[in-house]
Amino acid sequence: MAPRPRARPGVAVACCWLLTVVLRCCVSFNVDVKNSMTFSGPVEDMFGYTVQQYENEEGKWVLIGSPLVGQPKNRTGDVYKCPVGRGESLPCVKLDLPVNTSIPNVTEVKENMTFGSTLVTNPNGGFLACGPLYAYRCGHLHYTTGICSDVSPTFQVVNSIAPVQECSTQLDIVIVLDGSNSIYPWDSVTAFLNDLLERMDIGPKQTQVGIVQYGENVTHEFNLNKYSSTEEVLVAAKKIVQRGGRQTMTALGIDTARKEAFTEARGARRGVKKVMVIVTDGESHDNHRLKKVIQDCEDENIQRFSIAILGSYNRGNLSTEKFVEEIKSIASEPTEKHFFNVSDELALVTIVKTLGERIFALEATADQSAASFEMEMSQTGFSAHYSQDWVMLGAVGAYDWNGTVVMQKASQIIIPRNTTFNVESTKKNEPLASYLGYTVNSATASSGDVLYIAGQPRYNHTGQVIIYRMEDGNIKILQTLSGEQIGSYFGSILTTTDIDKDSNTDILLVGAPMYMGTEKEEQGKVYVYALNQTRFEYQMSLEPIKQTCCSSRQHNSCTTENKNEPCGARFGTAIAAVKDLNLDGFNDIVIGAPLEDDHGGAVYIYHGSGKTIRKEYAQRIPSGGDGKTLKFFGQSIHGEMDLNGDGLTDVTIGGLGGAALFWSRDVAVVKVTMNFEPNKVNIQKKNCHMEGKETVCINATVCFDVKLKSKEDTIYEADLQYRVTLDSLRQISRSFFSGTQERKVQRNITVRKSECTKHSFYMLDKHDFQDSVRITLDFNLTDPENGPVLDDSLPNSVHEYIPFAKDCGNKEKCISDLSLHVATTEKDLLIVRSQNDKFNVSLTVKNTKDSAYNTRTIVHYSPNLVFSGIEAIQKDSCESNHNITCKVGYPFLRRGEMVTFKILFQFNTSYLMENVTIYLSATSDSEEPPETLSDNVVNISIPVKYEVGLQFYSSASEYHISIAANETVPEVINSTEDIGNEINIFYLIRKSGSFPMPELKLSISFPNMTSNGYPVLYPTGLSSSENANCRPHIFEDPFSINSGKKMTTSTDHLKRGTILDCNTCKFATITCNLTSSDISQVNVSLILWKPTFIKSYFSSLNLTIRGELRSENASLVLSSSNQKRELAIQISKDGLPGRVPLWVILLSAFAGLLLLMLLILALWKIGFFKRPLKKKMEK
């Protein structure tokens, strides 16, 4: 298992990557994207994979790594030097560094070494270039230890750095062969020995081999130190003959090899691993000794590989179970890696490769029982970094790809042990294939301590960063930072930087380029940590702009050539700490996102500020083209030098097949001042005439000062374009420039260090003279695409204010005291009618202190009102836009002044609300103490009802019914026609007026029965319009006469001569719910029940039918004239005078006698019956 060369995109189709000037800029500051210098190389060589700016005595260069140079067979890789600033464009030159990168005394394998995939400059001169897949051969194995070349300033390889510089196959191997008679054919054993020995590097300082053969007895074929080369051992092995024997004394053979073959007398070396390979084809005859013999081997740390040949068992068709168990017991643990079985002698050659690999895997560790690699697959140089004292080399393949960091200082090399970077808090997360050393860096704390930082992006699947310190050559872990998302490759790129240039590290940036966004694309994220003492604390995270991916729904419309390529941005694939680009005194950060824009790529520039960077990027530089010929722009970045001699840091950006050098543009500092004469507007002191009117004129002096940030002492001449806007806070200006009657003027000016110009303007006759007049000047460079850029830390707009002179005596501020009084036409309840829908509010505003400038009343009102006008002040004093603002007084309301006016409203029939709500306030631009503000506000809320305009009609088909004197009552009623006359009642409701028709309830009442229960009006039918839902209290045709049911009349029900009086009749009611409609109609059919009237005594009477209408909406009411309707049906009887009842006659006679007696009594009392004249005559 080997890691990818980086968490960066791979190779695309072969094409030339020409970074022509087809770069477009989304957000621009001072990195010039239109005049870049480009370098091109073969895409298949991954030219542009790494870039570094470089300078030596010969000049300035861009170094470009091309790790696959030598395609397709010999991909050794290399570094190109590309000249900069030579006047004419010169080609890049390959340095051929791999040729001179070498380690003595090993068999080197430089194919596929990917030299140039790591490239860093040495702060003391020269640079370091690495090939992490550099390998050397040990036997038949290739160990990819990796290598780095320390290159001098003159491009000469000074020395090569590699953690392992020789084959460390220090093994003493004794092969114990079963030579008994059952082994057949012996040639197969000889072939097995030949193939196995060919794979070994045999020599006094490498592997030594001895062979022991046993059967009934044990023979030493040759000792460990007998031969000093592989060739000699191969010759000797071919001469070995089968010794034979009827017994297989396996325990004897193993024990003899332990006691004798591994002695110093026979060539065994102290401290060298002991390996025994036992080959046998049958169960031992001394197996009772095996357990002790094997334990003795264990005690002496002899690694044992056992091989069981099953040929004799298979030929004899015998069970192998017991034999296999015995041979397994001989093998070391774990058994599955140390035990082999083959079907017969001929099959021995099939296990040679696997056996050889497992034997030589023992060389990679000092652990006698281990069979894994330590530094043999380390890929040292996968990353590199120069700290203050040490060179840090990432070795991601070390310790079975757990990884490590090799530390080098001069001739001292520290290779940490496998457990060095295991911290207590993370032991529960086993670091399997963590790739520690994927990227390395260092930081300087404020205390002066140097902190070393390494990333392991596969740790616990989420990634981790380790911060440690070197103490007397030992590593002490201080802190770990963990990623948050599985597979994000957190820690695959690290960068530290000193933002404020105080020589102390301020922030650490950790890239997670495969961080998945919301749409499951590899968006990428960069985490920013601030250094506090010796600990890093999370500060913020950075993300790219949103990218659109090739989803299943839009797969056919994607422009990406290979739609199976990763989608997103991979923001954070490269992070570079660059020197101050914008000349603001703070260093900056550049981050690459090589998969943006369909793999075209882009980079983001973040400016420093204080001790960190700003979260929003200052400039984004995307790659140009269609994403097919331009790939992965931003996969490498470097920006440390001024390469064109203008004193500005330039930025080099690499992509697949090329790189571009972007020049920084100088930053122009432009300062603008504006002065005015007079500096205040006094509307009472006119000083000029404009358009035939006296007004106030003002002269403005505008001055420009310019300089360059990089050359502050040099005189700089700038061509500027500027625009002045008068009263820029107002939509309608209160001033115009003289001679143009416009509020804006635009001019060009050339400024050499400093320059001034003049403009004049005048004030218009406007009501608002409280707020100051703001004058705005906007400026820019005449040619913003070339030359310096404006300093983005300074505004390119200047605002100055001209205040108005105040009528406040000697005080600078006017302190007013406004009061508001409000009166309305109604206070308790408003009844709104169509003919009378007006509502008025009277306002009185008074000021009792200093003049109140721009005094105004603001009226907010509920939606059921519509502003219709004002009275008593000028009509243009009020503006209505959802609320009403009325200016009171001009230009101010003086002390003691009072203004009364009236606001007129109409009701809005579109909004029927239960209340009229009005909020009124009086305010001004002058100040008013909080304690006097209470009388500036009035709230009004009045209940309101709306009188619905409608027409309520009622009519009847019959108003008079006459009953003949000779009419009789039919004994049997067969139909309703036998009953009497039909009366049809009609009700009609029609909308009139502007208010909507509410839901109504119509109640129809008619006399149904006499007080004695005799029918009067008999209901036979009910019909209505569609919007009416009627519910009669009695059923139509309750006696079911129309259905054919016959009915008899009986004189027992009503005796002839009964006097009929309908004032006491019982009434029936029909209720109809009428939904809102312009017209509603209800018809009721009734029949006069003649039998009741024929048998009764009366001459004439009236039957009253009542209709009552009621609104179901509390806000919509009906006028009293539209609530009730009555219909009177007169019934008369021909030929019969009305008969007076006997009780009436008797009562009348009694009343007459009583009255006569009372009259006589009264006359008697007054002496009416006395004769005074008679008495006088008698006297």
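Glycine residues also receive a Cβ, built from the backbone N, Cα and C atoms like all the rest.
Feature annotation from Swiss-Prot assigns Ca(2+) 1 binding site to D498, D500, D502, D506. If you look up Swiss-Prot, you'll see 161-360 marked as domain 'VWFA'. The feature N-linked glycosylation site is assigned by Swiss-Prot to N100, N105, N217, N317, N341, N460, N699, N840, N908, N939, N966, N1073 (among others). As annotated by Swiss-Prot, repeat 'FG-GAP 2' applies to 101-160. Feature annotation from Swiss-Prot assigns repeat 'FG-GAP 5' to 476-538. As annotated by Swiss-Prot, repeat 'FG-GAP 7' applies to 619-679, with the evidence given as sequence analysis. Taken from Swiss-Prot, the feature motif 'GFFKR motif' covers 1167-1171. Feature annotation from Swiss-Prot assigns topological domain 'Cytoplasmic' to 1165-1179; the stated evidence is sequence analysis.
What Swiss-Prot annotates, mapped onto the structure for a quick look.
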residue : record                      : DSSP (3 states)
N100    : N-linked glycosylation site : helix
N105    : N-linked glycosylation site : coil
N341    : N-linked glycosylation site : strand
N460    : N-linked glycosylation site : helix
D498    : Ca(2+) 1 binding site       : coil
D506    : Ca(2+) 1 binding site       : coil
N699    : N-linked glycosylation site : strand
N840    : N-linked glycosylation site : strand
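The sparsest Cβ neighbourhood within 10 Å, among the listed binding-site residues (D498, D500, D502, D506), is found at D502. In the three-state DSSP scheme, N1073 (N-linked glycosylation site) falls into the strand class. A straight line from the CA of D502 (Ca(2+) 1 binding site) to the CA of N217 (N-linked glycosylation site) spans 80 Å. Distances between the Cα of N966 (N-linked glycosylation site) and those of the recorded positions D498, D500, D506, N908, N939 are shortest for N908. Here the repeat 'FG-GAP 7' (619-679) is broken down by DSSP into helix, strand and coil counts: 0 helix, 35 strand, 26 coil. By neighbour count, meaning other C-beta atoms within 10 Å, the densest spot among the glycosylation sites N100, N105, N460, N966 is N460. When other Cβ atoms within 10 Å of the Cβ of N939 (N-linked glycosylation site) are tallied across all protein chains shown, the result is 11.
In this view, N1073 (N-linked glycosylation site) is surrounded by 14 other Cβ atoms within 10 Å of its Cβ, with every protein chain counted.
Nearest by CA distance to N939 (N-linked glycosylation site), out of the recorded positions N105, N341, D506, N840, is N840.
Comparing the glycosylation sites N317, N699 by how many other C-beta atoms lie within 10 angstroms of each C-beta, the top residue is N699.
Looking only at the binding-site residues D498, D500, D506, the one with its C-alpha closest to N699 (N-linked glycosylation site) is D500. Listed in chain order, the extra residues whose Cβ falls within 8 Å of the Cβ center of the Ca(2+) 1 site residues D498, D500, D502, D506 are T497, I499, K501, S503, N504, T505, N587, K611.
Separating the Cα atoms of N100 (N-linked glycosylation site) and D498 (Ca(2+) 1 binding site) is a whole-number distance of 36 Å. The Cβ of N217 (N-linked glycosylation site) lies under 8 Å from the Cβ of R243, G245, M249, each of which sits 6+ residues away along the same chain. For D506 (Ca(2+) 1 binding site) paired with N105 (N-linked glycosylation site), the C-alpha to C-alpha distance reads 45 Å. N840 (N-linked glycosylation site) sits 14 Å from N908 (N-linked glycosylation site), taking the CA atoms of both as reference points.
With respect to D500 (Ca(2+) 1 binding site), the closest of these glycosylation sites in Cα terms is N460, chosen from N105, N341, N460, N908, N1073.
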